[in-house]
Amino acid sequence: MTHPPDNEAIATKIDIDLWKRIFRFALNHKRLLYPLMASAFVLSLIDAAYPIVTMKAIDIVQGGGVAKDLIPVAAWYLGLSLTLATLVYVFIRCAGSISHHIAFDIKRDCFKRLQELEFSFYDKQPTGWLISRLTADCDRLSRILAWGFLDVLWGSFFVAAMSIMMFIYHWKLALVVLATLPPLIVLSIYFQKKMLVASRQIRKHNARITASYNEGIAGVKTTKTLGRETENLNEFEGMSTDMYSASVRRAFFSAIYLPLVMLIGSLGSGLALWYGGLNVLSGSITLGILVAFISYAGNFFHPINQVAQILAEIQGAQAAGERVMGLLSTEPKIKDSEEVLQKIAGRNDLGHDPLLAIDGHPKHIDEIQFADVSFSYNEKEQVLKRFNLTVKRGQTIALVGPSGGGKSTIVSLVSRFYEPTSGEIRFNGIDYRQRSLDWLQGQLGIVLQTPHLFNGSVIENIRYGRLDATDKEIREAATLVNAHDFIMKLENGYDTVIGEGGARLSTGERQLISFARALLADPQIFVMDEATSSIDTETEKLIQDGMQRVFDGRISFVIAHRLSTIRSADQILVIQKGEIEEQGTHEELLAQRGHYYELYVNQFRREGEEQALEAG
């Protein structure tokens, strides 16, 4: 069993420019960001003020004060506590809200960009990678921008406020206490990064062990059949050993880190007690000041540890930030040109003309022409080679041939999911790159071999073809493609919930709903991509009957596995190795006794044998 490589390496340094770009997501919510910053600042001042209040109380008692002298001190303490509670509420409310807003903004922008990107992008990126960008990476960045930013602000302000307070009351004693700060900072940053790396390794090994559990249970029959139990156990023990080593390593770093920082903290308090005690004895400072300094010396660890932890998290999340920002900066290769965008803007200014599309060209598509079109998915091999074809409105073009010959590529190019490497595809004599992409793809009706249906009702799935369609129009579309009768036999008719992916329907029923959905959009170009290859004969006849009515007046492309579905096509193209090997009507190609004839006869013979077996 193989496992994906670990792509979560910790960055060696923080990329300031990258985080500036990421931080712009937080700047979009200034009404939350500014109160958050203000509350963090004031909270740090309050935290730094508590030792001063304690100092005042001690000095009053030491100076022979009476009970009423402590009332202002108690009032200050109560006021600080109430203010602290209020600010903590603001603090958590703003940080939580801004975290959710940032996560939403990043996910929305990523999803919007994914919607804009062409099919070739998806050819190169695994689905799991894309889902991870929309979930784990986005959530991680939002947490750092909100809570992490907050902790860094509070920690920095708190350390600064304590330092200022100490310098105000006794600068020499302040220097003694602050002498422990540099080693505390260095140790915190070093060990937090080490523990983050170890934790990352633990999660990685745990994920591999979980995957191994899943594979072992799901493939238990194969394992036993092949006698692979010992090998699998050895592999599992190796992964468990790796996880154990990573866990021990993290425990080791924790065991060293905590005693060291406790030692440094105690050293700071001890130095403050020693030097401050001398000053108390000499009368240079009061006992209250000494107690305040000891309190400050013990308070440095938490904010410094917090800031070090967040800085380590930022370094760890930098790879996620690079991936997300890389996705957002990926420009679609297939998009409207500046010229087309200017025409669209001009049309919007001039008003609506019912005969023209949004890009100013005629709305109706009367002809599609492939002019010396070549195409390759990569630079090594051409899928289409100088392909030429002209299709008129009302014509149906059937594409047949072996897998990998270029059939699906032709309809993908017509749909402008890809664009020609060379040559042109023209709509009414105009290169379709001079037409609006949204308008063009709005003229498409596509029925795939495996249609995707949503976990909703039948009527909701059909309405997805045109969201403003009325119930009457939906029923008319379903009737036209012969789907109405079977829908009415369902438990709740058009309101029947069909389950995830249409799980409660047969393959043929899902195909009919997909057909009705495509028709509802009233497309000028219809594409049937192996739509009848996996359905029963009865449903095939229903779809064929519907095709005759639906294709009337439209340009249609049919990729066919079952040749019986394309006999009435105006032109049948046998596509092999990116070129047209044969072209003609069904009768003409049979008369040629070429490749199409062989395909047809062999398929007819197989179907006859299957029918004979079923009858027998």
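Each residue, glycine too, has its Cβ placed from N, Cα and C.
Taken from TrEMBL as is:
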- 32-53: transmembrane segment (TRANSMEM)
- 36-316: domain 'ABC transmembrane type-1' (DOMAIN)
- 73-92: transmembrane segment (TRANSMEM)
- 144-167: transmembrane segment (TRANSMEM)
- 173-191: transmembrane segment (TRANSMEM)
- 251-275: transmembrane segment (TRANSMEM)
- 281-301: transmembrane segment (TRANSMEM)
- 368-602: domain 'ABC transporter' (DOMAIN)
Most Cβ pairs under 8 Å with the transmembrane segment (251-275), selected from 144-167, 173-191, 281-301: 173-191
Contacting positions for the transmembrane segment (173-191) when only residues 6+ beyond its ends and CB under 8 Å are counted: 159, 163, 166-167, 253, 256-257, 260-261, 264-265, 267-268, 271-272, 275-276, 279, 285, 289, 293, 296-297, 300-301, 304-305, 307-309, 311-312
Same-chain residue ranges lying at least 6 outside the transmembrane segment (144-167) that approach it to Cβ under 8 Å: 22-23, 25-26, 36-37, 40-41, 43-45, 47-49, 51-52, 91, 95-96, 98-99, 102, 173-174, 177-178, 181, 292-293, 296, 299-300, 303-304, 306-307, 309-311, 313-314, 317
Confidence summary (mean pLDDT) of the domain 'ABC transporter' (368-602): 87
